[in-house]
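As recorded in TrEMBL, the features of this protein are as follows:
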type	residues	note
DOMAIN	19-460	domain 'Major facilitator superfamily (MFS) profile'
REGION	462-499	region 'Disordered'
TRANSMEM	20-41	transmembrane segment
TRANSMEM	53-73	transmembrane segment
TRANSMEM	85-112	transmembrane segment
TRANSMEM	118-138	transmembrane segment
TRANSMEM	145-167	transmembrane segment
TRANSMEM	173-194	transmembrane segment
TRANSMEM	206-227	transmembrane segment
TRANSMEM	233-254	transmembrane segment
TRANSMEM	274-299	transmembrane segment
TRANSMEM	305-324	transmembrane segment
TRANSMEM	331-356	transmembrane segment
TRANSMEM	401-424	transmembrane segment
Amino acid sequence: MTSAKPTGTVAKPTSPAATLTILAIAQFLIALDYSIVYIALPNIGAEFDLSESSIQWVVSGYAVFFAGFLVVGGRASDRFGPRNLFIAAMAVFGIAALAGGLATAPALLLIARAVQGVAAAALQPAIIALINTSFAAGPARNRALGVWGTVGASGLATGVVIGGLLSTVSWRWVFLINLPLALICAIGAVRWLSRGRGTTATASQLNVPSAILCTGTVLSTALALTWASSNGWGYGGTQAAFAVAAVLLAGFVLRERASAHPLVDPLLRRTRSLLVGCGSTALYMASVGNQFFVLTMLLQQLRGYGPIAAGMAFLPMAAAITVANSVAARIVAALGVRATLCLAFVGNAVGLGLLAAQVHGESYLLHLLPGLLITGFAHGITYVSMFIAGTADIDDRNQGVGSALMTTAQYMSGALGVAVLVLVLGVDPGPGDFGAAFVTTAVAAAAGAALAWFGLPRRTPAGPGSPADADHAPLVDSEPTAGAEPRVGAGTAGDRSRP
């Protein structure tokens, strides 16, 4: 195993505070639009007379296309520049939100949600690439990721709160609320985001055949998992979609092996921290990520909460996530990312286990709130630390694809997790079924703790010039492939530029 170091210089932003604010708001929008429609679904279904299997596509249409286009969005970020992609994708995102809010037919609404998903798939890797190329590795970048996570991760939790409030006026405001935020981000990006360094055509060649095969594979798999959750694993469409995904995956692997410019750099497949990061995002989504699905079902179906009450029930957890995000970077600096990520997953497992144990209780304050606060705080620490761990050893030319791989793993796991939880809950779930669902998510969190502890290297003392909070020298599992570009300053601790 040999040392390697992320390359490239940091492009100092004209206004670091403005840059981070824009990127955090954009991440908030991506997360918000995944969860904000949950509580509005009954109203949408009633207006368009949609069946249960059809109404879920208001959520799934966004998630499926988001997951399907992430890797392509990551390579497009590396190829055309994250700033350019960010501005274009934010404009498309806002237009799609407007179309969704004004939709007069279910088909128009579902198309708008799919377009939003594609735009979000371009935004996500561009956001992380802009953070990692605008702030120097170490404390500066970790603080930036902490602030980004404070706003971004809270979007998933506050989405259900905002959705509950807006749906009392009209479900259309669930989509229209995106417009002012998207406009602020687009204008702010033109004004403040750094243009950075251009990438070479060789380094970031967009391999169109691989992109098509990769997107088709992820779309087919996500579609299969969505159908599995709504129609069952034995449904013909589910099995056909899995078969198509297998064929496309085989074609993608063969194409990548034969290509001089693969969509996924072979070096990324040997970067241990990235592999652990992908596993962490998957287990994060399978645990506290899918907690939102279970809680929404529990509150509305079992406890009889209305839209506003269900939304407000998430507020304490959203507050805990926000507090945790704000201190996550300091915890990483004190303990190292390995210990921080492991402890965060342990906290998730404890909180989810507590919810499972208390599911028969009727009191929100006594039986739900303690578990929500524990999982909320642990959730916030997990969100920030897993991206610090996963992107630490990726060079500038692969930041887009690397972060896209992590997020693809996250949302594919989310789709798989929902399919599994639907099986666990059954048709008419009772307290015992919800307890089993929480246990399932707790097991995923425990697996995340084990992955972080055994997958990431132990903390080593920081040498002169190295970041004080570094856990380890960047590691890859073998030498770079023949013909790869030389890695500037590889193996040294003090060669990273700082703003």
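Just so it is clear, glycine is given a Cβ too, placed from its N, Cα and C backbone atoms.
From a predicted model like this one, the values you see are computed outputs, not experimental measurements.
Between the transmembrane segment (305-324) and the transmembrane segment (274-299), the number of CB pairs under 8 angstroms, six or more residues apart, is three or more, so the stretches are in contact.
Computed over the domain 'Major facilitator superfamily (MFS) profile' (19-460), the whole-number mean pLDDT of the model equals 88. Within its own chain, the transmembrane segment (85-112) is flanked in space by residues 26, 29, 33, 44, 48, 50, 54, 57-58, 61, 73, 76-77, 118-120, 122-123, 126-127, 130, 172-176, 178-179, 182-183, 185-186, 189-190, 193, which lie at least six positions past its ends and keep a Cβ under 8 Å from the stretch. Ranked by number of Cβ pairs under 8 Å to the transmembrane segment (53-73), the listed stretches 20-41, 145-167, 173-194, 206-227, 274-299 are led by 206-227. Fewer than three CB pairs closer than 8 A are found between the transmembrane segment (401-424) and the transmembrane segment (20-41), and contact between the two stretches is not assigned (pairs 6 or more residues apart). Listed stretches 145-167, 206-227, 274-299 were compared with the transmembrane segment (331-356); the greatest number of C-beta pairs under 8 angstroms is found for 274-299. Using the rule of three or more Cβ pairs under 8 Å, pairs at least 6 apart in sequence, the transmembrane segment (173-194) is not in contact with the transmembrane segment (274-299).
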